[in-house]
């Protein structure tokens, strides 16, 4: 019967599971603890050993700990890679260093330059030229905002820098362009000379006494509500008074002109105007939600001229309390038969 294998044999240590480190680098950071060599002595030894690898730069710095024990720190830069598995390759006169490949020579150089002992060096230090960091998306957008001078240039730069975003978010970029580069509204050009435009005396009195005498005063000026037939010149008259916000068929506050002195609301059905009280009552600092835009505060404080035809008379669609508010905050004028806001030369 065969004897069992010796337990001692089974417990023998096998080959090491930790292979010898393999060094493969052009730059090394060495630290020789408890080393009483001078920096010059160590540098000469290392230079002699590394001649085949063409050393480009070697710096040795001496550091004394509080107990007076000397350490030597070394930065080595080679022109060709050193590839070795020999753990004693950098051993000098029985002194064995801690070995680390170097990625950032500038940091190592800064560290060993702050030691409190002697130092020696040879060659020329080579620092890696850092590539400039690419600007972030926010930084690129900030550059576009800062450098563009008008709406078209802004949109063109966005299209070039962010083509995909431009394709799917053009509406938002157009909104931001309008906010960045506010263009004054075009001056209204009347189709009639001023001398051919006429206005009922009571409306002239409201404009002269309430609109012109106390602009931005403590009292809110009354608006003007005009209901009458089409093609009678009421829009031309209303738009010829001065700088204004003009709304036709719908009210969109996206391009609200803060310098306007009144609003013209032309052929906008009452049911489609949720902010009618703010506009008719010349209210200040009200909040609106423009189409495709964020909520915004309207400074307001200016009156409105509301123009409607007989078939869309607001009063027909109002509740009694709403009619009362309209009369309290606006002069209501129904055009009589044959009335016009202009006169042709032949009719004078």
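Placement of Cβ uses the backbone N, Cα and C atoms for every residue, glycine included.
In sequence order, 31, 32, 33, 34, 35, 62, 63, 64, 65 are the residues of the chain that are 6 or more apart from residue 71 (divalent metal cation binding site) and have a CB within less than 8 Å of its CB. Among the features that Swiss-Prot reports, divalent metal cation binding site is placed at 63, 71, 73.
According to Swiss-Prot, the compositional bias 'Low complexity' annotation covers 1-17.
Per Swiss-Prot, the feature domain 'CRESS-DNA virus Rep endonuclease' maps to 22-125.
Feature annotation from Swiss-Prot assigns region 'Disordered' to 1-22.
Counting same-chain residues at least six beyond the ends of the region 'Oligomerization' (176-188), those with a Cβ under 8 angstroms from any Cβ of the stretch are 145, 148, 150-151, 154-155, 239-240, 243-246, 254-255, 257, 259. Per Swiss-Prot, region 'Oligomerization' is recorded for 176-188, and the stated evidence type is similarity to another entry.
Counting residues 6+ beyond its ends, the region 'Transactivation' (251-269) has Cβ neighbours under 8 Å at 175, 178, 184-185, 211, 215, 235, 238-239, 241-245, 275, 279, 288, 290-293, 296, 298-299, 302-309, 312, 317 in the same chain. What Swiss-Prot records for 251-269 is region 'Transactivation', and it gives similarity to another entry as the kind of evidence.
Marked as motif 'RCR-1' by Swiss-Prot on the basis of sequence analysis: 29-32. Predicted-model confidence for the motif 'RCR-1' (29-32) is 96, expressed as mean pLDDT.
The motif 'RCR-3' annotation in Swiss-Prot covers 111-114. If one looks beyond the motif 'RCR-3' (111-114) by at least 6 residues along the same chain, the residues whose Cβ comes under 8 Å of a Cβ in the stretch are 59, 61, 73-75.
The motif 'Nuclear localization signal' annotation in Swiss-Prot covers 291-301 and rests on sequence analysis.
Residue 73 (divalent metal cation binding site): 24 other CB atoms within 10 A of its CB, across all protein chains. Sequence-remote contacts of a segment are chain residues at least 6 beyond its ends whose Cβ falls under 8 Å from one of its Cβ atoms, and for the motif 'RCR-1' (29-32) they are 42, 71-76, 90, 92, 95-102, 108.
Within 10 Å of the C-beta of residue 63 (divalent metal cation binding site) there are 17 other C-beta atoms, taking all protein chains into account.
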